[in-house]
Every structure is written in structure tokens, then in C-alpha cells.
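Now, the feature entries from TrEMBL:
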DOMAIN    5-134  domain 'Photolyase/cryptochrome alpha/beta'
BINDING   247-251, 288-295, 386-388  FAD binding site
SITE      Trp319  site 'Electron transfer via tryptophanyl radical'
SITE      Trp373  site 'Electron transfer via tryptophanyl radical'
SITE      Trp396  site 'Electron transfer via tryptophanyl radical'
REGION    481-502  region 'Disordered'
Amino acid sequence: MTKKGRSLLWFRKGLRLHDNPALLEAAKDVEHLFPVFCIDPHFYEKQPIGVNRINFLFESLADLHESLSARGSRLLVLRGDPKQILPQVWKDWGVTKLCYEQDTEPYALERDNEIGELAKKAKVEVKTFLSHTLYDPVEVKKAHGGKTPETYKAFQSAVAKMPPPPSPVRDAPEKLPTIAPKAKGAEEKATGVPTLAEVGYTDKPTTSFHGGETKALARLTKSLEDKEWVVQFEKPKTSPAALEPSTTVLSPYMKFGCISARLFYAKLVQIEKEKKKHTSPPTSLVGQLLWRDFFYTVGYHTPNFHHMLGNPLCKQIQWDVDPVLYKAWDEGRTGYPWIDAIMVQLQQQGWMHHLARHSVACFLTRGDLYVSWTLGRDTFDRLLIDGDHFVNNGNWMWLSASAFFSQFFRVYSPITFGKKYDKQGKFIKHFLPVLKDMPDKYIYEPWTAPEEVQKKAKCIIGKDYPKPVVEHATKHKDNLNRMKSAYDANKSPQKRKEISDGFDEMARAEVLDMEADDDEDEEK
Ligand SMILES: Cc1cc2nc3c(=O)[nH]c(=O)nc-3n(C[C@H](O)[C@H](O)[C@H](O)COP(=O)(O)OP(=O)(O)OC[C@H]3O[C@@H](n4cnc5c(N)ncnc54)[C@H](O)[C@@H]3O)c2cc1C
């Protein structure tokens with residue numbers, strides 16, 4: 001049988017050849033296959049993305065290009081708005097079928113709807129596949145009696161009624177159809193990936209985590225090597241202060257789809273079966289994957305999930321608009337070494353442990369600074385290499401006690417929490433070398449060190465390292481009262497509306513534009 005059609009495989013997330021149903025479909029029974037990635041200005045012009053994250057993406061694309069090349073194909077990197085460039089290339093290349101993995105983020109839904117319409121007009125067949133999550137959010141809602149599961153428990157009981165997550169599909173064939181040799185402009189586009197400079201970045205990446213399916217699979221294998229560690233994994237028992245990460249650091253690979261969630265899940269379930277005795281959700285590793293799916297499900301079904309205003313799940317809270325405090329937090333200058341070291345880790349590595357994220361998110365919002373969670377979300381979105389729409393928004397709402405979690409009186413101390421894991425403050429000294437000679441006794445509260453000690457440590461507080469921007473002991477108590485009033489107000493629809501109406505979105509935007517002019521929470 002001679003193969004005739006030409007298909008276009010559009011990579012967006014899902015930057016992998018394993019467990020990629022869209023790829024299998026695109027490669028099936030066609031003469032030529034065009035694997036395409038569009039560098040969409042939407043993602044890096046409208047909102048700044050840190051150099052570590054964009055570099056991680058480019059490394060992932062380069063890896064994909066290599067793996068495709070080994071199979072006789074290549075990655076065609078196009079630049080521009082996919083709504084404009086895809087119709088152009090499918091016309092130029094005579095494409096008859098368009099395949100891609102579904103993306104449920106709001107921007108992607110709108111974009112893909114428009115592209116679907118354009119394809120229909122051009123008589124290009126469209127085939128899409130759900131392979132970024134374990135479960136289909138639409139099916140989960142159905143299993144929950146047509147209601148959105150708004151708690152992890154509700155999500156668990158919904159998925160318990162569903163068939164288990166689909167097994168990963170087979171790997172890409174060893175030989176893929178070639179791109180059509182004379183397709184207009186295709187050869188020039190097959191140059192792989194632009195350099196950082198070409199897309200306007202002057203800084204060099206600083207993270208030690210590198211993108212790509214090859215690295216992702218190696219990391220998965222290494223993470224699961226010690227089966228005892230896997231079956232005994234309990235997230236709250238892993239250390240946020242470990243310099244060698246105490247969890248898998250697979251999140252950036254999951255974000256870009258360099259690793260399949262279904263493959264990760266299948267491997268965990270296999271190990272659990274083999275070992276018999278194992279920890280359980282929510283704290284086990286399987287539990288971590290379910291958290292991800294939970295946020296994807298609830299986020300998909302909640303309008304304005306990424307805003308406070310117009311978001312039915314989110315408590316309306318009159319957060320302070322304080323550019324000075326926000327910037328101090330964003331730049332790691334709060335004067336609390338535990339908080340600042342984590343923020344420096346974010347800038348340098350683009351990744352922090354989950355409980356470290358808890359600490360800084362609580363500090364920015366209800367704990368200390370009383371600044372809006374959406375500002376913290378934006379900082380994370382800019383700097384995290386795993387910055388993920390649903391997971392980031394969901395966790396920020398959680399930590400600010402705006403949704404999902406309501407025990408706002410349980411506040412992380414910026415002084416004692418880190419100490420439980422790292423008495424000597426090795427983590428702090430690593431990320432804040434200015435404090436490296438500060439005696440252990442003062443490392444979490446250097447402003448309490450006598451002048452002589454500060455001099456000896458060559459770190460004068462207020463000069464070499466900032467004084468605390470707020471006094472935790474008093475501020476967190478004031479904030480508790482404010483949170484209590486906010487929670488009371490949210491019980492009345494009228495008062496809730498008054499808070500929303502009074503919240504100044506413009507002031508919030510100005511903060512973003514401005515150029516630098518007792519302990520434990522519920523742990524997951
Ligand atoms: C304020 C805040 C913001 C966050 N923003 C993000 C984000 O933008 N992107 C992101 O991937 N994670 C985010 N997290 C969740 C979590 O901190 C990271 O997923 C985790 O620390 C990644 O490290 P790991 O891969 O070693 O996790 P592991 O513990 O090894 O877990 C395995 C996988 O499970 C998933 N996972 C783990 N914890 C969570 C969780 N709480 N919610 C959802 N999925 C989870 C991740 O895909 C992770 O790779 C955020 C947490 C907080 C508190």
C-alpha cells in the first residue's frame with residue numbers, strides 16, 4: 001500500500017517520544033510527517049520568563065530534535081503566533097492531518113479552538129489526545145456526580161470510581177516518516193532551536209537542572225532505583241533544607257511533558273505491588289501525582305482560577321498593596337535568612353522543595369507581609385523551571401488560605417521552621433554566603449547577634465545584610481486578626497462583593513511594573 005497523507009505533529013507540552021499518542025497517530029500511514037514546535041511570543045513577550053526556564057525549554061527542544069533525527073525525522077522550530085503560522089505551513093506543505101496533545105490551560109483552550117476552526121476550513125483533519133495528566137478532568141467531574149471535586153478527598157473518591165489511569169502507549173517507532181524534502185521552507189526551519197540571545201536573553205542560565213526527555217528518563221530511573229525509598233516516601237518527612245534535593249525534582253520534566261505522568265505512575269504502582277508494604281496518598285509518591293491531577297481537575301472547572309476576582313473558590317481578601325515589601329520578598333531581602341535563602345535558591349536553581357515553597361508563600365501572604373498571593377504566583381511563574389499554571393495557582397491559593405485550606409491560624413515561623421531540619425543553617429550559608437561566618441546560634445536571627453559577633457562574622461546587620469522588614473512576632477498576630485475578619489466577611493455575599501469591588505487591580509499591576517525603586521501548616 002502506498003502511503004499518501006502528510007501530517008503535522010504539533011508539540012506544545014509533551015516534549016517526548018515515549019508515551020506520546022499524538023506522535024503515534026501522526027506517524028501512522030503517512031508519507032511525510034512534520035514535527036513542529038512554535039515559539040509563541042505570548043509566552044515570553046507578554047510575561048517575562050526567567051532565563052533558567054526558557055533555557056530548560058530550549059534544552060528540551062534540542063533533545064527532541066536529536067531523538068527525532070535519530071529516527072530519520074527532525075524538529076521544525078517555527079517562530080510566531082501559531083494561529084497565523086500553522087495555517088500558512090499546512091498550506092505550504094500540503095498537510096492533511098494535524099495531531100497534538102490536549103492542553104487544558106485557558107490560553108491553550110482558546111488558541112486550540114481557533115486553530116481547530118481554521119483547520120476545519122482548510123479541510124485538515126484534527127486529532128487530539130489527552131496524555132498530560134493521569135485522568136481526564138471532564139471524566140473526573142462526571143464521576144463526582146457532575147460536581148467539581150474541590151478537595152483532595154473528593155478527588156480521590158471520584159477517581160476511585162473510574163478505571164485506573166491508562167497505561168503508557170508504546171514508544172515511537174525506530175523509523176519515522178521524513179519531512180517532505182521539497183516542502184517550502186521546511187529544511188530551513190529544521191535548524192533546531194534558537195539561542196537565548198536570539199530571543200533577547202542576555203543573562204546566562206544558572207540552574208543545575210537541564211531539560212529534555214533523555215535527562216528526564218535518566219532522572220526517573222535514578223529516583224526509583226532505591227525501591228525502599230519509594231515505598232517509604234512521605235513528603236512531610238523530606239527535608240526542605242537539603243542541598244541535595246530530598247524529593248525527585250521531576251516537576252520541571254512533568255511541566256514540559258519531557259516525562260509522562262502515566263509512565264511515572266505506572267512505575268510507582270509496579271514498585272508498590274512488588275514491595276507490598278508502602279505509604280499512601282496524600283503523602284506517598286503516588287499521592288504527589290494525584291495532587292497534580294487534583295489541581296489540574298479543579299483548575300480546569302473553576303472560572304478565573306488564576307485570579308482572586310471572579311473566582312468562586314477563592315476567598316476575597318483585601319491584601320495590602322505594598323511594593324516595598326513585595327520587592328524585598330521577591331529579591332530575597334526580607335532580613336529573614338530562611339526566607340531569603342529560599343528565594344535565592346529560586347533565582348539560582350528555579351526549583352525549591354515543596355515545604356520551602358510553603359514557607360515563602362505563607363510569609364508573603366497571611367503569615368507576615370499580607371501581600372496578595374497573585375503577586376507571589378507571578379514571581380514563581382517567572383522563575384520556577386517547573387512553573388505550571390494549575391499547580392502554581394492551586395498551591396498559592398492553598399498557602400494563602402484563600403482556597404482548599406482554611407486553618408489560617410497555623411503559620412510557618414520564618415525562624416523556627418527551617419531550624420527543625422537544619423540546625424546549623426548550612427542551607428542558608430550556601431545560598432547567602434554573606435552569612436557564612438555567622439555563628440549557628442544566630443543564623444536564623446542574625447539581628448540578635450551582638451555587635452562584636454556581627455563584626456567578627458564580617459556581616460553587619462542593616463549594612464551587609466538587611467534588618468527584618470517586619471517583626472514576625474507582632475505582624476503574624478495582626479494578620480491572624482485580619483484573616484479572621486476576612487473569613488467572617490466572606491460568609492456574607494454582600495461583603496464578599498464589597499471586598500472584590502474595593503480590590504485595586506491597577507495598584508497590583510503597578511507593583512508588578514515597578515522597577516526596584518507556630519509553626520506547622522498542613523503538610524502534603
Ligand atoms: C506556593 C507553591 C507553588 C507551587 N508551584 C508549583 C509549580 O508551579 N509547578 C509544580 O510542578 N509544582 C509546584 N508546587 C508543588 C510542589 O512544590 C512541586 O511540585 C514539588 O516540590 C516538585 O518537586 P519534586 O518534583 O521533587 O516533587 P516530588 O515530591 O518528587 O513529587 C513528584 C511529582 O508530583 C507532583 N507534585 C508534587 N507535589 C505536588 C503538589 N503539591 N501539587 C501538585 N503536584 C505536585 C510534581 O509533578 C512532582 O514532580 C508548588 C507548591 C507551592 C507550595
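Placed from the backbone N, Cα and C atoms, the Cβ positions cover glycine too.
Known features from TrEMBL, placed on the structure.
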{"residue": "Thr247", "record": "FAD binding site", "DSSP (3 states)": "coil"}
{"residue": "Leu289", "record": "FAD binding site", "DSSP (3 states)": "helix"}
{"residue": "Phe295", "record": "FAD binding site", "DSSP (3 states)": "helix"}
{"residue": "Trp319", "record": "site 'Electron transfer via tryptophanyl radical'", "DSSP (3 states)": "coil"}
{"residue": "Trp373", "record": "site 'Electron transfer via tryptophanyl radical'", "DSSP (3 states)": "helix"}
{"residue": "Trp396", "record": "site 'Electron transfer via tryptophanyl radical'", "DSSP (3 states)": "helix"}
Residues among the recorded positions Asp293, Gly387, Trp396 that border ligand 1 - Cβ under 6 angstroms, in sequence order: Gly387, Trp396
Cα-to-Cα gap, Gly387 (FAD binding site) vs Trp319 (site 'Electron transfer via tryptophanyl radical'), nearest whole Å: 23
Cα-nearest neighbour of Thr247 (FAD binding site) within the listed recorded sites, Trp319, Trp373, Trp396: Trp396
Cβ-Cβ distance under 8 Å to Leu289 (FAD binding site), same chain, at least six residues away: Leu134, Ala261, Phe264, Tyr265, Leu268
Non-local residues, at least 6 beyond the ends, that sit with Cβ under 8 Å of the region 'Disordered' (481-502): 308-310, 315-318, 366, 370, 401, 406, 408-409
PLDDT averaged over the residues of the domain 'Photolyase/cryptochrome alpha/beta' (5-134): 95
Summary of DSSP states over the domain 'Photolyase/cryptochrome alpha/beta' (5-134), given as helix, strand and coil counts: 59 helix, 31 strand, 40 coil
Using Cα positions only, nearest of the recorded sites to Trp291 (FAD binding site) (Trp319, Trp373, Trp396): Trp396
Phe295 (FAD binding site) versus recorded sites Trp319, Trp373, Trp396 - nearest by Cα: Trp396
Entries of Val249, Ser251, Asp293, Trp319, Trp373 which, being recorded positions, have CA atoms within 10 angstroms of Trp396 (site 'Electron transfer via tryptophanyl radical'): Trp373
Where Gly387 (FAD binding site) falls in three-state DSSP terms: coil
Fewest-neighbour residue among recorded positions, criterion Cβ within 10 Å, set Trp291, Trp319: Trp291
Rounded distance in angstrom between the Cα atoms of Asp293 (FAD binding site) and Trp319 (site 'Electron transfer via tryptophanyl radical'): 29
Trp373 (site 'Electron transfer via tryptophanyl radical') and Trp319 (site 'Electron transfer via tryptophanyl radical'), Cα-Cα, nearest whole angstrom: 9
